[in-house]
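Q: I'd like to ask some things about the structure below.
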Amino acid sequence: MSEDSDMEKAIKETSILEEYSINWTQKLGAGISGPVRVCVKKSTQERFALKILLDRPKARNEVRLHMMCATHPNIVQIIEVFANSVQFPHESSPRARLLIVMEMMEGGELFHRISQHRHFTEKQASQVTKQIALALQHCHLLNIAHRDLKPENLLFKDNSLDAPVKLCDFGFAKVDQGDLMTPQFTPYYVAPQVLEAQRRHQKEKSGIIPTSPTPYTYNKSCDLWSLGVIIYVMLCGYPPFYSKHHSRTIPKDMRKKIMTGSFEFPEEEWSQISEMAKDVVRKLLKVKPEERLTIEGVLDHPWLNSTEALDNVLPSAQLMMDKAVVAGIQQAHAEQLANMRIQDLKVSLKPLHSVNNPILRKRKLLGTKPKDGIYIHDHENGTEDSNVALEKLRDVIAQCILPQAGKGENEDEKLNEVMQEAWKYNRECKLLRDALQSFSWNGRGFTDKVDRLKLAEVVKQVIEEQTLPHEPQ
């Protein structure tokens, strides 16, 4: 029996509400396809995480690949999957969706955990790395590339000191057949061959170079590049590649650093970190995929198997906590991912009278709502204007927290520009209006010096308020 048919049999078509209570207002985090919520098993009162996807082939593929990988102790487990109709606000009728019940991860995201751990040691970083590598090895043995390895997708099971870390979110995962051509990435964690694939695609579309008979591809080695970046940040608190310029796309200076593998180990943070740790980073951040460590090479590396104490306290926790920008950087990454995902998610919806789905035709004729329909209030599928409004707010956060090219009027002008755009789309938001008054905003610019980190935090609160659902009907 095929894996596809096994998965189809595993998906329940009964209403999830028969077995679970769903808290529509409590969000655990935002995956690439929308917020993850809390649900409670009625028979046991056990809490689980609930992810909701539009029921499309891409979503079923995500579920299939995640199910294939989820038997590993360092990968978030799928408990069960429901296929139900769910109606969100601004939708005229229910839409078929997959409701994925997953194990609850109470310990939070990787970098949040580190920022709360004042004595995070190199040994602990090594142990976390080993768990991530074991999860990747399991995926790669199944010939699956995750393609979105980043700190937000690495969660701790609970708050105990020895809690396992687990990989989640298989929204970009693909079976690696040497044809992983769709550029999917988060800027700080993107491998050089992904950028090369993107560059060739753009040139071919523009007719600058002839379409090559054999497309430039990238594969599982990209996950290993991302692992190298994550290790680097875990050890020192900042990424090896960054740009001095805020941009909605990867700027030239950052692109050049990635393509040439240009990074350093600044003495201030790296002087107490072992040569073994630096060695594994160097070998993972090789520009040429064939020179990069394999996942087996990572697991065999002395740093992951050392008997040395490695009890030196890392600077990463203090840096992340003091700069208070981890959440803002993650939001900027999410925005970048959304922009790169636009082409993948464009959908043409047929009017109901012309749809060829026999179930929908039957429902139309009956003139009734589906028996298994779930009707809620939520902003995640809001109007185009509301999406643009959130996008403009995230631009403000990015401008506030990304490294600045310089000081003075130029940077102030850039902040004023992005704030004007955000203000244009969010004038009715009382929280933003009140906050901007305290920052001396006159509608066109800030008249006083702005504490950018405080502004980023306020705008983050505005976004959270804008995306909070109403009570369910």
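Backbone N, Cα and C atoms are what each Cβ position is placed from, and that goes for glycine too.
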Q: If you check Swiss-Prot, which of T182, T186 turns up marked as phosphothreonine?
A: T182
Q: Check the candidates S33, S115, S306 against Swiss-Prot and report the one noted as phosphoserine.
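A: Cross-referencing S33, S115, S306 with Swiss-Prot, phosphoserine lands on S115.
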Q: Looking at 249-280, 345-376, 409-440, which one is coiled coil according to Swiss-Prot?
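A: Feature coiled coil in Swiss-Prot: residues 409-440.
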Q: From the Cα of S115 (phosphoserine) across to the Cα of D148 (active site, proton acceptor), what is the distance in angstrom?
A: 22
Q: Would you identify the secondary structure of S115 (phosphoserine) according to DSSP, in three states?
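A: It is helical.
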